Amino acid sequence: MSLTQTPLLQDLGIQNATLHHNPGVDELYAAALRRGEGKQAATGPLVVHTDKTGRSPKDRFIVEDDLTRDTVWWGGFNTPISPVVFDRLLDKMTHYAEGRELFVQDVFAGTDPQYRIAVRVITEMAYHSLFVRNMFVRPTAEELEHFQPDWTVLNIPSFKADPERDGVRSETFILVNFTRKMILVGGTQYAGENKKGIFGVLNYLLPQRGVMPMHCSANMGEDGDVALFFGLSGTGKTTLSADPSRRLIGDDEHGWTDTGVFNFEGGCYAKVIHLNPEAEPAIYRTTQTYGTVLENVVLKPDGTPDLNDGSLTENTRSAYPITQIDNIVPEGRGGHPKNIVFLTADAFGVLPPLSRLTPEQTMYQFISGFTAKIPGTEQGVTEPQPTFSTCFGAPFMPRHPGEYARLLAQKVRESGANVWLVNTGWTGGQYGEGQRMSIQHTRTLINAALSGQLDNVKFEREPFFGLEIPTEVPGVPKEVLNPREAWADKAAYDRTARKLARMFRENFKRFEDGVDPAITASMPEHREA
C-alpha cells in the first residue's frame, strides 16, 4: 500500500518516495538482501553488520519547550536542544528522503490496550523494519485498518548531521520531541535506537497516568505469581529470569499499572556473545531461526553463525519475536508482582548474596542502581570500579529519579510485594581475591524467595548498609549468607564495606534534593559501624 498521499507523509514533507507499508518477513528479507544490507545465514536468520555497534547516549537530545522545561530532569543523559534545531534537522531529513525507498511499520508499544501507544516507524533500511516488526507489538489486521499513529519515528542512517551547522554533537543524532510526538534518528545503523527511543517516551508519559515504567524482565510462576528482575548488564538478569518452571512475560521493558504488569514489547533483543546452547537453549534456538535479525554476528565459512566471535563487537545481538520462545505468557501481561529482585554484581565482595529490603531501602537501591565493573587491562586500573545507573536504566529515564522511586514505592506498598537485593558478584574477597558467587547458590536463594520459603525464616541486620540477611536457607552454607563470614580477613572486609558505603553516599548526593527524607535516612552513612 502506498503512503505517498497520506496526511502523515505530507506533514513530514517527504515527496515521491517508494514506500513499503507494513511489509512482512519474506518481503523484508528480499529487500535487505537486494539492498546489500546483510546476508541470510545457512540456518535462517538475517545477519547484518552495522557502522555503530551500540547506542549513542551522548548523541540523544530532548527538545526543551514549555512541555518539557520543568518536567525533564536535565543533565546527565537528558541533554536539551531547541525546537529550532529539531525543525531544521527534520526539514533536512525529509528533503534527503525524497525519492528514496522507505519502509513503514505500524506497531504498538505496550501489550495493555489502555496504556499502549501507536507508533509509525519509517526507516531507510529494510532490516530496521524487520527489527521493528520483531520487537514491538504487531497490530491485528483489523487494528491496522484503523491505525492512527500517536508517535512517529523517522530513522535514516545514511543522513549524517553537520555538528557545527546543525547544533548537535556529532554526525549521529537521536532527537526526541514530546510536543510534536516525533523521534528523529540519523547517522547510526544500530537498530537498538528504535527500541530505546520509544522506551524513553513511555518512561516520560506513563508516570503521568500513575503507571510505573521499568527496565526489567518479568516472569510468572505456575500459580500466576509474578516476579520482576532489575539489573544492569552483566548481573545475570537474562539468565536468572529464564527459569524453566516459570513463564516469561518479557525480558526488558515493562509497566506496572493499577491491575498488574504488562510488557512494552512483542520481542526480545538478547545479547548472544558466547551464548551457551545448553545453558540458554531457548535463546540459542532463536539464533538459528528464520525471521530473527542477528546484529554484528560473524558467519563461519559454512554460513552458520559463530556466536563466539566478538571481533566486530562484544555487543552481538539477536532480535526476535517473543513468540519464538515456547515458555511465555502469550498476552504479555500479569498480575501485581509478588516479588521484586534487584540484581547487582558487586566486585567489592561485601554485599550479601541475598537481603530483604525495607520500602525506604527499596527506593534508595532503585535510585542508586549499583553494580561494579571488574578491573580490565587498562593501565593503573587495579580495583573494582563502581557503576551507578539510576533506576537500573539511567539513559532511558527522562524524569527525576525521585519520581520513579516514589511511584515504585507506592506500588510496592499497595501490592505488598517483597523486594530482594541479590549479589551475583564476588564473595570471600573482592575481585582478584575472592570468588564469583555460585550460580547454583544464587538460583537456590532466588527460588527460596519466590516460593515463600523465606517468609518464616529469621533475619539479621548487617551493620554497614542496614540490610536484612536470612540466617538460614536450605542448600546454601551459612558462611555464604553473611558476606563478612566469608572473608578470612574480617578487618579487610570492614574497610572495604565502609569504602563502598562511602561510594554509595557520594553518588546519592546528586539526588537528595528530589527525594523523600525517609530515603536519605536509610542511606549507609546512618548505619556505618
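Heads up, the Cβ atoms here are built off N, Cα and C, so glycines get one too.
Swiss-Prot annotations:
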type    : residues                                                                                                       : note
BINDING : ARG55, TYR190, LYS196, ARG317                                                                                  : substrate binding site
BINDING : LYS196, HIS215, ASP252                                                                                         : Mn(2+) binding site
BINDING : LYS196, HIS215, GLY231, LEU232, SER233, GLY234, THR235, GLY236, LYS237, THR238, THR239, GLU280, ARG317, THR442 : ATP binding site
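Looking only at the binding-site residues SER233, THR239, the densest Cβ neighbourhood within 10 Å occurs at THR239. The Cβ of THR235 (ATP binding site) lies under 8 Å from the Cβ of LEU343, THR344, ALA345, THR371, THR424, each of which sits 6+ residues away along the same chain. Per Cα geometry, GLY231 is the residue among the binding-site residues ARG55, TYR190, LYS196, GLY231, LYS237 nearest to HIS215 (Mn(2+) binding site).
LYS196 (substrate binding site) falls within a helical segment according to DSSP.
Those residues noted as binding substrate (ARG55, TYR190, LYS196, ARG317) have their most widely separated CA atoms at a distance of 14 Å. Within 10 Å of the Cβ of HIS215 (Mn(2+) binding site) there are 24 other Cβ atoms, across all protein chains. GLY231 (ATP binding site) sits 10 Å from ASP252 (Mn(2+) binding site), taking the CA atoms of both as reference points.
In this structure the C-alpha atoms belonging to ARG55 (substrate binding site) and SER233 (ATP binding site) are separated by 14 Å. Within 8 Å of the Cβ centroid of the substrate site, not counting the listed residues ARG55, TYR190, LYS196, ARG317, the chain contributes GLY54, ALA191, GLY192, GLU193, LYS195, TYR269, ASN315.
Counting only same-chain residues six or more apart in sequence, the Cβ atoms lying under 8 angstroms from the Cβ of LYS196 (substrate binding site) belong to ARG55, PRO395, PHE396. Contacts of ASP252 (Mn(2+) binding site) defined by a Cβ separation under 8 A and a same-chain sequence distance of 6+ are given as HIS215, CYS216, SER217, GLU265, CYS268, TYR269, in order along the sequence.
Taking every protein chain shown into account, ARG55, LYS237, ARG317 are the binding-site residues, and of these the Cβ with the most other Cβ atoms within 10 Å belongs to ARG317.
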